[in-house]
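Report on one structure; see the data block that follows.
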Amino acid sequence: MSAGVASLVSYGTDSDSDNDAEANIKPMMTDPDAIAHLLPLNSGKKTSLALLNSAPEVAVKEDVMTGTHLDPSLKEVTFNPTFDTMFAPEFGPVNPFKTQQMAAPRNMLSGFAEPAHVNDFMFEQQRRTFSTYGYALDPSVDTSQVSSSSYIGAVDEAEKNKGLTVFEACAKKAEKRRKLKGGDASEIDSFLGPWAKYVDEKEVAKPSEEEQKELDEITAKRQKKGKNEEDAPAEEKTVLHVKDMYDYQGRSYLHIPQDVGLNLRSADIPDKCYLPKKQLHVWSGHTKGVSAIRLFPVSAHLLLSCSMDCKIKLWEVYKDRRCLRTFIGHSKAVRDVCFNNTGTQFLSAAYDRFLKLWDTETGKCISRFTNRKVPYCVKFNPDEDKQSLFVAGMSDKKIVQWDVRTGEVVQEYDRHLGAVNTITFVDENRRFVSTSDDKSLRVWEWDIPVDFKYIAEPSMHSMPAVTLSPNGKWLACQSMDNQILIFGAQNRFRLNKKKIFKGHMVAGYACQVDFSPDMSYVVSGDADGKLNIWDWKTTKLYHRIKAHDKVCISALWHPHETSKVITCGWDGQIKLWD
């Protein structure tokens, strides 16, 4: 035996079972081909052993029985498996609790459903019909020719119900219920209501012909009365509160007094203005809050006030400071008033949707104007040759221009997106500026209904009160974010960011702003009833006076006085400060 055989034998003998090793080696020793590769090629030379893989290839049990193992979860394979391979059992421990139902493949809760071209509604209808009545249409049968063979399940029940589905049964029940209740009003012409079957037509009380005629007259009268009350303007009248309308020289109260120590006829302004500190006088006569006050043009010796008590009053500013005349002619609160250039006439705008032109001296209402919308502000054109024209900002987003001679609308400026709050003439009356609830400021050329300048920023708020400065260069706008903004009134209408007046609370109220005649101070009321005074140069809040118990809605600095300021509030009082 050679060394290689000996080593093989010794390897075999080292195994756990000697008998098995001997049984494996004996056939190899008897077969020369089996040990040929172990013998030396040249007996006289050194020999080297060839590499040997002594572990034989052992076939896997699954491959022996079924070929290559297939994963049952695979949807496709890349070779052609045999029948035995495809239907081979799954290996592993058997689940003793697995039922036949659990073992069956499922793609829905109740089992496995083959895909079919069926409408979702039809499928649900047949499923519910089957669960309710025990029958359903056979999807494999042509439904155009329905017969007893077209159904599956309880065929007898299907024939009895004539193939009725659950949805058809519900519709029949609803129709039956409707008939029992007396029918649907939309389907029956003579529907008398749910109590119709309990009422006998003979017992229904009906008015006689005379009674019916009387009722018709009363109804017509009520409708006519309501319509007239809404459309017809209130009756105008006036009350003179002084003993004599004219003095011994035949002069009315419109005559400018010359014994007050000032030249009221001129447009001269004081050289230096001072802060008002004390209350000088109170004009009381309005029973409700005062909406606006206006001074007589040029001289400012008279004061016109309009109120929420639907009245307009004319007051003296000098001497006895009496109430001279009351103008009554509006059925609702008066919002705004405006004098013409001479002061002989004035316009009033009220919530009764009427604008009225009054004679200041006689108190007579000259004419009425309306477009069935509420006027929020009114202004005469200040040009001498256009004193017959005026504009009004309306609640329907329009600025309407009327001619007092004809009483007709001659122009409409319709560009705003909200109710128009103010109209202010600038640039020698060639243009006017309007503000609105749409939080914008628009500049218009007179008689041209397209705005040539539109100012609106995301940070801007509504500005319901605007005043032109005495020198005509600036516009003071009361902003609803508790600030007074200053815009240039010439050319570009830019916001002056260095001139912003703060420190008062006005949100929600259109508190009128004004300037001192020498442009030293800016005054404004606020929601707390206080009169606020700022320095124009530094924008600092200099002085604050508790002027009214309620909102101080307007403050006017007398154009000829150094320190006289007139305020009005929603407490119904007008006060003079000095």
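Glycine residues also receive a Cβ, built from the backbone N, Cα and C atoms like all the rest.
Here TrEMBL flags 1-26 (among others) as region 'Disordered'.
If you look up TrEMBL, you'll see 203-235 (among others) marked as region 'Disordered'.
In the predicted model, the repeat 'WD' (283-317) shows an average pLDDT of 95. Taken from TrEMBL, the feature repeat 'WD' applies to 283-317 (among others).
For the repeat 'WD' (327-368), the list of distant contacts is 233-240, 252-254, 288, 291-292, 294, 296-299, 302, 304-314, 374-380, 382, 384, 387, 390, 392, 402, 404, 407: same-chain residues at least six beyond its ends, Cβ to Cβ under 8 Å. As annotated by TrEMBL, repeat 'WD' applies to 327-368 (among others).
Taken from TrEMBL, the feature repeat 'WD' applies to 413-445 (among others).
The repeat 'WD' annotation in TrEMBL covers 513-544 (among others).
Listed by sequence, the residues of this chain that lie at least six past the ends of the repeat 'WD' (545-578) yet keep a Cβ under 8 A from its Cβ atoms are 262-264, 268-270, 272-284, 286-293, 295, 299-300, 303, 305, 307-309, 315, 317, 321, 470, 509-517, 521, 523-531, 533. The repeat 'WD' annotation in TrEMBL covers 545-578 (among others).
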Across the repeat 'WD' (545-578), DSSP labelling yields 0 helix, 18 strand, 16 coil
